[in-house]
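These come from TrEMBL:
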type	residues	note
BINDING	A:Cys88, A:Cys93, A:Cys129, A:Cys133	[2Fe-2S] cluster binding site
Amino acid sequence: MNDLQNTSGNADAQLNKLTIIVDSKKDLPGGLLPILHDIQHEYGFIPKVALGIIATKLNQTEAEIHGVISFYHHFRLTEPGANIVEICRGEACQAMGSKQLENHAKTSLNIDFGQTTTNKNVTLEPVYCLGNCACAPSVKVGDNVHGRMNDKKFDKLMNKLTTFELSLSDNKLQENK
Amino acid sequence: MDVKVFIPRDTTALAMGADDVVKALKFQSKQNINIIRNGSRGLFYLEPLLELATSNGRVAFGPVEVDDVESLIAHGLLEHNIDKLQNHPLYLGLTKDIPYLAKQDRLTFARAGIIDPINLDDYLSLDGFKGLEKALNLNNQQIVDEVKASGLRGRGGAAFPTGIKWQTVLDAPASQKYIVCNADEGDSGTFADRLIMEADPFVLIEGMIIAGLAVNATQGYIYLRSEYPQAKIILEQAIKIAYDKNYLGKHICTSNNHFDLEVRIGAGAYICGEETSLLESLEGKRGLVRSKPPLPAIEGFLGQPTIVNNVISLTSVPIIFTKGAQYYENYGMGRSRGTLPVQLAGNIKQGGLVELGFGASLDTLINEFGGGTYSGQPMKAIQVGGPLGAYLPKTQWHTQLDYEAFKDIDAVLGHGGVVVFDDTADMAQQARFAMEFCAVESCGKCTPCRIGSVRGVEVIDKIINHDNQKMNLELLNDLCDTMELGSLCAMGGMTPFPVRSVIEHFGSDLVKPSLAKGEK
């Protein structure tokens, strides 16, 4: 199965794009992680077709590239939901009730860690420390950390994610309501 | 008078709504208002901290929420009406006089929160690049000697003397050497690295350049964890400015010294905070721990001599040169010299960064600075030094912050993270989590860590479920021995620390007394 053909009809253009990304970093000492970051930044995940391109350009096997990708929690080989929501499981957050928050998130979204909601809006992930330990518990949505989280605030945050999407697709004016 | 307001762009400030406060302030003030996005002072319980520049210095308000903006303006924020502003419920007085800040020894964090992190002039006006200026007039050995004389030990947690590490790299013959900054701050309860990178990135750049000068390394890398996107943005902005102004590149400050610096992003692996795993990752591989020897100082990045230092070690270097090794060495106790930025976290009323000379007691920190628990419940346990650090019971809270004093009670100071738990904490679950975390984050290279952690979770579950408690406790102790003695690195080797501290000090959580009676 070719992931790229699934996401877009124009597979050639995307192969081109992948090649450009790999070429731009392949000569850096230890360039594999920067390459993987760039690809994931572009697509939200690392399409399977990218592995072959990287392997050829870096003179490694696809298995080696896969081995690196699978070692790191951050890299993903499947497409995530529109929003990646990470709940901190570190001790500082535990001391402030993150376990309860974790359970609430799983129940209210009806998914476990590593899963995506059926509407593809949210992918839930555990994270081990966001460096916001003085204002725990913490949740990260995309690149934004939210502190002093509780069940109620979490629901609000999740609602915002859906509302924003609706207002954009519905009518721009609704945002100002 | 121009209205100058400071609102941090630090991760915690943002997590508490700083951006929204800025938006509200811009929207509600009808006049031009100069909002500086500074770093955080580290008084996180007061974030978002809003500061107003006055003729007497900066006055602070906090924690400021969006809804407070209206009342701040009504109290004359935009007219510098101090008489009226003093009556605002969030008024804190002069920032520098807030006791939490005033009682600290801010050496490494001297500029944190005061300056705009990417304003080079701000940095220069507060002794910025003065250390580099001095180092440029010294030879390699003199630079290394200065660091040795300061008594600085690795602030990442291992506390290895920084000067000796530098000496090893200096003495290793090679055409290419490297400086690698370990910014993979994965310990829960720690944020000192993040705070300084977001508040004062130039001081890290300066420290790394000096390290480069010391050992003739021309390339540096900051290995930053992917969980810190804001630090990445600020570091990259600062590095670009440093290149533009010739602090980085081929001719540093018009000298013939060359130093290049690049930020590399990790990918969510706790183990990559271990220096050899970090180097593997930096080389684009799986972050598997290397066996030592050879030390990274001899064979590090790409097999070349490499200094791998923690962010706080490197950011402490400039002041050692600006004010002299003796000045720095005068702080501290015993063999722990200088200052330690302690991070108060978890269930604590006044969480934040407290930089003090070594020697203060844990009690002082959690009560005098921390102000007790956030929940108001009594404190039960304190975990110091991250997920691999012991849980300390009340009887040990008098311990002084000193590497050796902590070692004496089978605990570690580590990177200075202090996580407070109140009396609702179930310590059996904390012991279980220590093993679970090790299972999730083990690199998998050595068996005691990879398998031992999985077995650890199973055995603790059995103990919790009253399944042959006595026998399983023995097994757990045995397993801890195996992990401690047989693991390649600190991940497996220190996971037993929190587990054993629970067995020793919070045994009644693990083996509930009333239920244990029936056991043989």
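Here the Cβ of each residue, glycine as well, is placed from N, Cα and C on the backbone.
Structure with TrEMBL features highlighted.
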residue  : record                        : DSSP class
A:Cys88  : [2Fe-2S] cluster binding site : strand
A:Cys93  : [2Fe-2S] cluster binding site : helix
A:Cys129 : [2Fe-2S] cluster binding site : coil
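Long-range neighbours of A:Cys129 ([2Fe-2S] cluster binding site) (same chain, six or more residues apart, CB within less than 8 Å of its CB): A:Cys88, A:Gly90, A:Ala92.
Around A:Cys133 ([2Fe-2S] cluster binding site), taking its Cβ as the centre, 34 other Cβ atoms fall within 10 Å, counting all chains. The number of other Cβ atoms within 10 Å of the Cβ belonging to A:Cys88 ([2Fe-2S] cluster binding site), over all protein chains shown, comes to 30. The Cβ of A:Cys93 ([2Fe-2S] cluster binding site) has A:Cys133, A:Ala136, A:Pro137, A:Ser138 as same-chain neighbours under 8 Å, each 6 or more residues away in sequence.
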